[in-house]
Ligand code: GAF
């Protein structure tokens, strides 16, 4: 089991500064940090304008940037490098500002490029040549929002460097547009909001309709409890069909009920009017999940971790049976964690792979981890990566 902390981030910031200087021949103007997230509860409710309760984690993306002078001949060229590669030479991908068109940039560079593109769509914003280098310890494809961390780090960097004065809500909307239109993933607004707006030791209660937030204290220390992440290492992607299909079912259900979004539905009984059984089941998850978020916020305020744990388990069942976005590995992780003595457990994020979380008393970390490892070994799954996470502060200058 491992855990990354702020000491590790500081060391990565220094290493990134040096690698940047080596690759580009001078130091960056600054380095910005944006965390990944886990979602405690409230899954697939964001694009239904409902409630979510994520928190930023102590794993993050770093982006080092230097603006090219308008006097330089290459001032309209955007250079992207990352520390991901091994070896001494870090390859640089270069595109001109004019070449920034949706879906045109492959690989990880699509995420910072998407943000540059989205910024240049705004009135009065003209971002020209840049040198950029990224570093991240958010595991890719793990359901911990590695792509949004890269996007948010780029957005806060450019907002700061160019003095754009964007609010956090505007930055969340901007990175959502980048992800939806440039990258082509029809995702909601939760992940970037968590990365931007979270506070240390708190979960972020976000109303995705009003974009109002409340920092909800996580009473983990009082209970000597932690949040354990179980990364199944089955990679997922939201550009694939499953995520979009769930979105379409929700829109179909809302249309059948004559409401703008499923946020306007408050009881499962109302869903009887939906003729299509699949759309009805999908809508049932959303309606019940919104209520579970509200109940979880109340339980956290009451410092009732037992109640939070029950809600996590109910949420998982709903995603497994009604929303059908779990996987064999995620179900096994949740089942084994509970058998090993977790207070509650559920898959987290978009689903179809990625990670589960378990709420665990500190003294049960090892038995729970062991139970999960044994279950995976027994089923012949890839060995999961298991680590604790801490609720960290949202994005900013590193
Ligand atoms: C992914 C998306 F990016 C989020 O917007 C959200 O819909 C989540 O899946 C499911 O809750 O992480």
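Our numbering is plain: 1 for the first residue shown, then up by one each step along the chain.
Yeah, the Cβs are placed from backbone N, Cα and C, and that goes for glycine too.
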Which of 162, 243 shares the substrate site with 43, 44, 45, 46 per TrEMBL?
-> 243
Among the binding-site residues 142, 143, 179, 243, which have a Cβ atom lying under 6 Å from any atom of ligand 1?
-> none
Can you give the largest Cα to Cα distance in Å, as a whole number, for the residues 43, 44, 45, 46, 243 that bind substrate in the record?
-> 13
Residue among recorded positions 146, 147, 191 with Cα closest to the Cα of residue 43 (substrate binding site) = 191
What counts of helix, strand and coil residues does DSSP assign across the domain 'GHMP kinase C-terminal' (297-377)?
-> 50 helix, 12 strand, 19 coil
Inter-residue Cα distance where the pair is residue 147 (ATP binding site) and residue 37 (site 'Transition state stabilizer'), in Å | 11
Taken over the domain 'Galactokinase N-terminal' (18-67), the model's mean pLDDT | 97
